[in-house]
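Scroll down for the structure; my scribbles are underneath it.
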Amino acid sequence: ADDDDLTKLSEITETTLTINLKQRYGIDSIYTNVGDILVAVNPFKPLPIYNKSVSHRYQSEAPTSLPPHIFGLAANIFRSLLTQQSSQCCVISGESGAGKTESCKYLLQHLLTVAHSGEGGLVAKIQRVNPLLEAFGNAQTSMNGNSSRFGKYIELMVTPEDGFVQGAKLSEYLLEKSRVVHQARGERNFHIFYVLFAGLSTDEYVKYGLETIHNHRYALRFLDDQLNAENREACKELRDCLRYIGFTDTDVGHLMLSLSAILHLGDVLFEAHGSNDAARVTNPQLIRKVAAMLQVPAGELASALVSEVMITRGEQIKREWGVSQARDCTDALAKSLYGRLFSWIVNGINQLIQPAEGSPSSLEIGILDIFGFENFASNGFEQMCINLSNERLQSFFNERIFQQEMKDCELEGVQLQQMHYVSNQQVIDLFIKKPLCLLSILDEESRFPKATDLTLALKLHTGPGKIIKHREIQLYAKYSSVYTAPKDMGPSFSVLHYAGAVTYDLSGVLDKNRDTLPNNILFTMKTSDSLLMKEMFHSRLTRTGSLAPSTRQQASRKPSGKSRFSFFNRKPSENRNSLADLMSKISEAAPHFIRCLKPNSVQSPGQFDDEYVVKQLRFAGLLETVNIRRSGFPVRLPFDEFLRR
Ligand SMILES: Nc1ncnc2c1ncn2[C@@H]1O[C@H](COP(=O)(O)OP(=O)(O)OP(=O)(O)O)[C@@H](O)[C@H]1O
């Protein structure tokens, strides 16, 4: 692998870097070394050497042979943990569809091969649950047919003395719940809807009161026959997987009922009636069906979807919603149900893969695979959250690769020619640096019930009006190089991200930011007789909005430790908490990086679009990385460790 190291090229420019990647592309390996950083170019087809590894979306079978570069990285991570006696992490980045998730799978497999796996069958367990995770968390987007719509951080717990992997823990964050109720043109809902429903028997269709899947508003996209056949197969596998994790047949039945109920919620219709145009359900039989599936009183559910009851000074005040508010409430329930289901499944998986009771204390190897940078024809709240996460990872990369190297050299009195890299601090500050940042303005505006997309736009474009002090106006103005308001000051704005300019549409952003489940609906769900609903709506939400494991899940085996962070987020303020938690966690570990590149924008094998790749190389700061790796220390051992060795 060393001979492949691009830092060894005599002349490095963007062009030589691209030519070299192109020459290596698709020959025998998708990976190339840039010093200690691994660069992967997506082949979009299984290469002979990795045959069977990515041949099927839901394949859980072990690959027969794996990329040697990844093996090198896995060995390096593992060796570093043992010699440095410190936790390690690997950050995988790249735009959507660049191959992060596939690289994550390879790495995990290699790590568990390199490690003395103390926990019996952990590789098999993780492989077995992966299709389930992907079915619930992935969906087809215009950039990737199997795009992760959540971020995941997998931690392997390793005994520092002997390198035994005792178990693992999975944290999910920022699941794109809005996809449940709305998908952009050409995109689909989460795979699970198509998979499970392709596998239903005729009896089950009747039992769950379902039409064919694409007759339901939440999942209108039509699937071809071949995909349906694939999904039927995948469905069997998923049902087995749920049982394997330890969910009972009753649980699986309840899960099916919940997914059906979600689809039905999308088809509930409202009409305006009375002098105040209050919303009324026009198909009450559907509400009765949903209520029966969720095991809640139908009357209470119907009333909770169209009105709100508040107690003020001991008096009950009922407020009736209009049609669009009632629709929003119904969507909010569908999103909340799905989000909690996903969390519940992840908690179940964690029970399966956690270390055995009484395991000794451990160090961790974390792998971070988050959704890649996105820039669609229309970008909303989801893209904003996704791109902000990517900005923070990019900043972490800059800090570790450039700033740290410069600091190290300075400390050691080594002359290092001044390095240039593009800092993205300004964009991060624009989003999250208080007191005046994009997300704080958004939070503030979300608290006003009368706020609209236009009032939000105005505050974003001009600063929040009268309350702003002169000093703050200047502060806001300093972001003018990365923030652009539209000429008509309408509900959109553009941000110059490290990976290019993205225009965000503000319509619906306030609602998505609020994303709270109305109290009445929450209370109704808490009265459910279904064990699953009880677990999902009685379990507390953690600080970051994720569902804590239920008492039953906790009782099934002792939890591996306090959940330090998990990331099922609802609001930007919580997103910020969870992102900050994540960043501080990876900052404590020694980082390793995989940078994934997409060879073309059409997801096709054998096409290497130079210009498209150069752009990504530039955004990822790869040329600068090669340069700094060439002029800095190739190997960095602390003195005490050097002496010890
Ligand atoms: N090593 C590989 N071998 C063969 N095909 C691959 C490989 N890596 C990626 N692909 C193909 O590219 C697709 C996208 O890869 P992947 O889902 O890993 O991207 P991603 O970067 O995780 O995207 P997102 O951010 O949207 O989740 C895969 O579904 C697969 O078809």
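Glycine is no exception: its Cβ is also placed from the backbone N, Cα and C atoms.
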Message: Under TrEMBL, the annotation region 'Actin-binding' belongs to which of these stretches: 464-486, 487-509, 579-601?
response: 579-601
Statement: T101 (ATP binding site) -> DSSP, reduced to three states, gives helix
Residues near G99 (ATP binding site) in space but at least six apart in sequence (CB under 8 A): I30, A40, V41, N42, C596, K598
Contacting binding-site residues, sequence order - E95, A98, G99, K100, T101 vs ligand 1, Cβ under 6 Å: A98, G99, K100, T101
- prompt: DSSP helix, strand and coil counts for the region 'Actin-binding' (579-601)?
  reply: 10 helix, 8 strand, 5 coil
Field: Tertiary neighbours of G94 (ATP binding site) (same chain, Cβ under 8 Å, six or more apart)
entry: A40, K100, G372, F373, R595, C596, L597, K598, Q616, A620
Query: Quick one: which residues besides G94, E95, S96, G97, A98, G99, K100, T101 have a Cβ within 8 Å of the ATP site's Cβ centroid, in sequence order?
result: N42, N144, G372, C596, K598
Task: Using a 10 Å cut-off, grab the number of neighbouring Cβ atoms around the Cβ of A98 (ATP binding site), all chains included.
output: 24
Query: To which of the binding-site residues S96, T101 does the lowest count of other Cβ atoms within 10 Å belong?
result: S96
